[in-house]
Amino acid sequence: MKSELRLGIAGLGTVGAKVAQLIERKAELLAERVGRSIRITAISARDRSRGRGFDADGMAWFDDPVELAEKGEIDAFVELIGGADGVARQAVEAALSRGIPVVTANKALLAHHGVALARLAAENDTEILFEAAVAGGIPAIKTMREALSANEVSRVYGILNGTCNYILTRMEKEGISFDACLKDAQALGYAEADPTFDIGGFDAAHKLAILTSLAFGTEISLESIFIEGISKITIADIVAAAELGYRIKLLAVALNTDSGIEQRVHPAMIPARSSLAQVDGVTNAVAIDSDLLGSILLAGPGAGGAATASAVLSDIMDVAGGFVPPTLGLPPSRLQPYHRARMRAHEGGYYIRLAVFDRVGAFASIASRMAENGISLESIVQRKADRRAGEGTAPVILVTHDTTEAAIRAALEGLSRDGHLSGEPQMIRIEDLD
Ligand SMILES: NC(=O)c1ccc[n+]([C@@H]2O[C@H](COP(=O)([O-])OP(=O)(O)OC[C@H]3O[C@@H](n4cnc5c(N)ncnc54)[C@H](OP(=O)(O)O)[C@@H]3O)[C@@H](O)[C@H]2O)c1
């Protein structure tokens, strides 16, 4: 048997403590599978006095994770602190500078600094592994980087945020408002006290940025992602979606188009019969369309201590077994510069819900604004006007044939100017899926 792999783990919270517990509990099985024992020799967290559910005897304690990375007697460094900058980044840089491979679950770090870190790793003849950074326990990174390595990917998309999917699922199944669902998600620990990062779509965007780089062999470009969260989705939209044969999901999509790569995160109506539409609750899913394999869908737990630790451990075992592929699938010098497709050029169908004053001229305005922007309608449904408080408004729901984002935005701006709407129009993109 080869000499043991000595690990330094920085961050012993939900994921880090679970990884350490599992290394203790499954020591024999892991050693048998990789032909080498794996031992934690150094650890770091903020509070030394807290019990973490594993025996830390014989492990060197570091108050400072950067010092652990710089000086610890380790063969691999596991970063499970989190955050794009600060000590997590410094510690990862310190380990790479020593030529020590890094395993991390930190999507923010990779989405912001992945290319620079991949370069630093390559310069020091080592790599970063980050299976847990995208969709928790789902093996999306390995699938993309290894199993699909002979394929050309045309689209990668999925449900990458469990909090949003939980909220949208409950809104749909129980008819509860967005605000009430969010409160429940917070009480159950699915959503943070400040939920902006999740419900605003930013968490999903971090994961998408990483997937996009692997899918298309490009540099990571988080800032190019069009991001729209789920807070404006109402029960009226969910009911209308069901009537039209759709379900609403927060979708993250990266698409290779003639004018560049389109990356977007937004609520989308997807066909109710599609496989992705069956992904409910906190479950995540990653779908990949490629030339040889066609379409595949991976679904499973996108968060949680054990599921995320499963992905971290698989990376640790790869390091132990000497299987360490290039960080972003290619040597950093061969990553293509990112070429961005403008969101205004996005093509697809759209759902539009308008609150229209019940008066002469409203329908003519809708028809002419659509026509002047070259938008053809698949359906238009007007509900009965509500006249209880003075002048009534009637909900009008439009579904368009494929058109462009630029045309839709121009039409909605025109409609708002015409003065027949009692509020902001609601617009939800329709995604064409099998
Ligand atoms: N939780 C999940 O389900 C999940 C899923 C996928 C990916 N991830 C990623 O995994 C990483 C860890 O997440 P988590 O949920 O395990 O976070 P967490 O429970 O908040 O744990 C963070 C750990 O980092 C330690 N820490 C924070 N600042 C530190 C500092 N300055 N010096 C030393 N230690 C410090 C904390 O120490 P104390 O314990 O002493 O406070 C804690 O042990 C993040 O990058 C996250 O995005 C998490």
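Heads up, the Cβ atoms here are built off N, Cα and C, so glycines get one too.
TrEMBL entries are annotated by machine, without manual review.
Noted in TrEMBL for the protein shown:
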- Lys207: active site, proton donor (ACT_SITE)
- Ala10, Gly11, Leu12, Gly13, Thr14, Val15, Gly16, Ala17: NADP(+) binding site (BINDING)
- Lys107: NADPH binding site (BINDING)
- Glu192: L-homoserine binding site (BINDING)
- 351-426: domain 'ACT' (DOMAIN)
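Report note: the NADP(+) site is defined by Ala10, Gly11, Leu12, Gly13, Thr14, Val15, Gly16, Ala17, and the residues of the same chain whose CB lies within 8 Å of the CB centroid of those residues, excluding them, are Ile9, Lys18, Val19, Ala20, Ala45, Leu80, Ile81. Across the residues of the domain 'ACT' (351-426), the predicted structure has a mean pLDDT of 91.
Less than 6 Å separates the Cβ from ligand 1 in the case of Leu12, Thr14, drawn from the recorded positions Leu12, Thr14, Ala17, Glu192, Lys207 in sequence order. Annotation for the binding-site residues Gly11, Gly13, Gly16: lowest Cβ count within 10 Å of the residue's own Cβ, Gly13. For the domain 'ACT' (351-426), the DSSP-based tally of helix, strand and coil residues reads 25 helix, 26 strand, 25 coil. For Gly16 (NADP(+) binding site), the nearest neighbour among the recorded positions Lys107, Glu192, Lys207, judged by Cα separation, is Lys107. Cα of Thr14 (NADP(+) binding site) to Cα of Glu192 (L-homoserine binding site): a span of 14 Å. Considering only the recorded positions Ala10, Leu12, Lys107, Glu192, Lys207, the Cβ with the fewest other Cβ atoms within 10 Å is that of Glu192. Using a 10 Å Cα-Cα cut-off around the residue listed as 'active site, proton donor', the binding-site residues Gly11, Val15, Ala17, Lys107 reduce to Lys107.
Put simply, Lys107 (NADPH binding site) is 14 Å from Val15 (NADP(+) binding site) when counted between their Cα atoms.
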